[in-house]
Amino acid sequence: FIQDPANMFIVGATVAVDTFFLIGGLVTVYTFLRATEKGIKFNIFLYYIHRYIRLTPSLAIVILIHATLLKYFGNGPLWNSFDDHLIESCRKHWWAALLYIQNYVHDEQACVPQSWYLSIDMQLFILSPFVLLPLKKKPKLTLIALIVLSIAGIIVPFFIAYFEELRAFMISDKDSTQKYMFSYYEQTYGRFGAYIIGMILGYLIHKVKNGEFKVALSWLAVLSLWVICLGGLLACVYAGHDMMLAEYNKWSHSLYIAFNRPAWALAISGIIFICVTGYGGENVNLIDFTSLIAIVSGPINAFLSAPIFQFLSKISYSIYLVHYSLIFVRVASYKTEFTIEHFYM
């Protein structure tokens, strides 16, 4: 399966998670600046409580289902592996999941495995006032600090990968994959880079919306930015295929881990910024050569702004909470051999 470069669409798809980290940082900064602009006082207690109440009830219900009812959802020769993977982990570590610390408090398997993301996101949210409050009083110095932090978001993963001798992809033997997950993939200190880039983007978008920061780009600059962003996204997903198949090299794998996710976050940031500043189709003069840009960017902006996403965004958290268990129930219920095919994967 991994011999085919086209299947990097599956193997390299984990960068999609960094889109959510990016948006998390963006929304945190943007909503804070909008609120302070309206004269709303920052209450750190309510800030934390609101976040916890918004996320936790749904998570708690899923944890309860995992620990009690999930074992009755199917059966089959693979079903015994189901207990250790999804059921016992929630019976042992439910409290760590509800405290959003289980990326540091678990053994082989976390309760609701995909909720490692929630732990990191909550931890970054708890730390965010250390950025938000200075950003209000001394924005220039804070912005410099954020740029330094975003660089640290490249350096730290590099050293983790280098000294732990991590492979750049999850597809490996069990021990290597587990070390990859525990040392880097599920750790806040390994994944904060995209969140910081999102914070910087949130600040810039706020300035653009307020008219404090004017953006005037030529058609060549806009077209170049689109090519760089879209090309960057494709490169982040597909460029590591040869390295994955070649003999392990500590430097190449460490550099890939260091740069791939921040590069993805920057490319997504570029697309968001183009659309927000009006270069996604609205501010393009169709009379001259810039009609070429309109042909490219108009449909992209229209798609990303489609009203259907407002509905999907409201249910995406619930989908996220149950998707892993649904996949696992399906796999563990098979009673005959199955073939790894593209659609199945």
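Counting begins at 1 with the first residue displayed.
Backbone N, Cα and C atoms are what each Cβ position is placed from, and that goes for glycine too.
Pulled from TrEMBL, these are the features on record:
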type     : residues : note
TRANSMEM : 6-32     : transmembrane segment
DOMAIN   : 11-328   : domain 'Acyltransferase 3'
TRANSMEM : 52-73    : transmembrane segment
TRANSMEM : 142-163  : transmembrane segment
TRANSMEM : 188-205  : transmembrane segment
TRANSMEM : 217-241  : transmembrane segment
TRANSMEM : 261-279  : transmembrane segment
TRANSMEM : 286-309  : transmembrane segment
Other parts of the chain folded back onto the transmembrane segment (261-279), taken as Cβ under 8 Å at six or more residues beyond its ends: 15, 18-19, 21-22, 26, 150, 153-154, 157, 191, 193-194, 197-198, 201, 204-205, 208-209, 215, 217, 222, 225-226, 228-230, 232-233, 235-236, 293, 297, 300-301, 304-305
Stretch among 52-73, 142-163, 217-241 sharing the most Cβ pairs under 8 Å with the transmembrane segment (188-205): 142-163
For the domain 'Acyltransferase 3' (11-328), mean pLDDT (0 to 100): 89
Remote residues contacting the transmembrane segment (142-163) - C-beta distance under 8 A, at least 6 residues beyond either end: 131, 134-135, 183-184, 187, 189-190, 192-194, 196-197, 199-200, 203, 250-251, 253-255, 257-259, 261-262
